[in-house]
């Protein structure tokens, strides 16, 4: 079934949970789509898990477009949402609409996601008015890592929790079709979810959100050096990959690979002409 922003909105009313994962290339996106994932996010998290940076701030709009194109080619049914990276919507309303439009027109995304609350309402309204669906993002917003002093849980005081709820209402009023809640206490995420009519997608925000999203490298266990508290690893793909690569190297070194079944032949009569 084709997933649209209406699918997301209906899911909340029907009590159906929404599943999302990040993806950055054709092959992974194709596998996810074949598993009937509801939505795929081309996240600026690619700065960390693809480029190896310590945060997301260096990611450019052109990089998001590049990876969105790749994901688009592997997807038939999932809703494709592209992140608007740092400074792609902060400088002016015109920049925000232009860059959101590029993600749709050049990248092939179905919607865009941007971080922030009351400070980005005008951007959300303008992008929505340009007929571009918007997903909001509240709580631990990685583009604000320097302001937060690191990747820390948000909304863990009555004052900040109240602000989260108010921001969620403002984002809904501005026309967003859903909101990501990241790094928020479970009870507060539940309060936010119950205060708005659009779905919330949680990442480190507990069980009561309308859906969940994870970075696929985290949930597949590709990196063993650090596992965020909110991540459940459904596999240890990193270990499987290492074992496979080691076996490949061993077989190349010992001459066990390639075998005859992996090789091509030439007609003997043609071969004789070369001698």
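Glycine is treated like the rest: Cβ placed from N, Cα and C.
Taken from Swiss-Prot as is:
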- 182: active site, proton acceptor (ACT_SITE)
- 44, 45, 83, 113: 3-methyl-2-oxobutanoate binding site (BINDING)
- 44, 83, 115: Mg(2+) binding site (BINDING)
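Mapped onto this structure are the features recorded in Swiss-Prot.
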| residue | record | Cβ contacts under 8 Å, 6 or more apart |
| --- | --- | --- |
| 44 | 3-methyl-2-oxobutanoate binding site | 56, 59, 64, 83, 85, 86, 142, 143 |
| 45 | 3-methyl-2-oxobutanoate binding site | 22, 56, 83, 142, 215 |
| 113 | 3-methyl-2-oxobutanoate binding site | 41, 81, 82, 83, 84, 134, 135, 136, 137, 180 |
| 115 | Mg(2+) binding site | 137, 138, 141, 142, 143, 144 |
| 182 | active site, proton acceptor | 137, 138, 139, 140, 141, 142, 154, 202, 203, 204, 205 |
Q: May I have the list of same-chain residues other than 44, 45, 83, 113 whose Cβ is within 8 Å of the Cβ centroid of the recorded 3-methyl-2-oxobutanoate site, in sequence order?
A: 22, 41, 42, 43, 46, 56, 59, 64, 82, 84, 85, 142
Q. Across all chains shown, how many C-beta atoms besides its own are within 10 angstroms of the C-beta of residue 83 (3-methyl-2-oxobutanoate binding site)?
A. 31
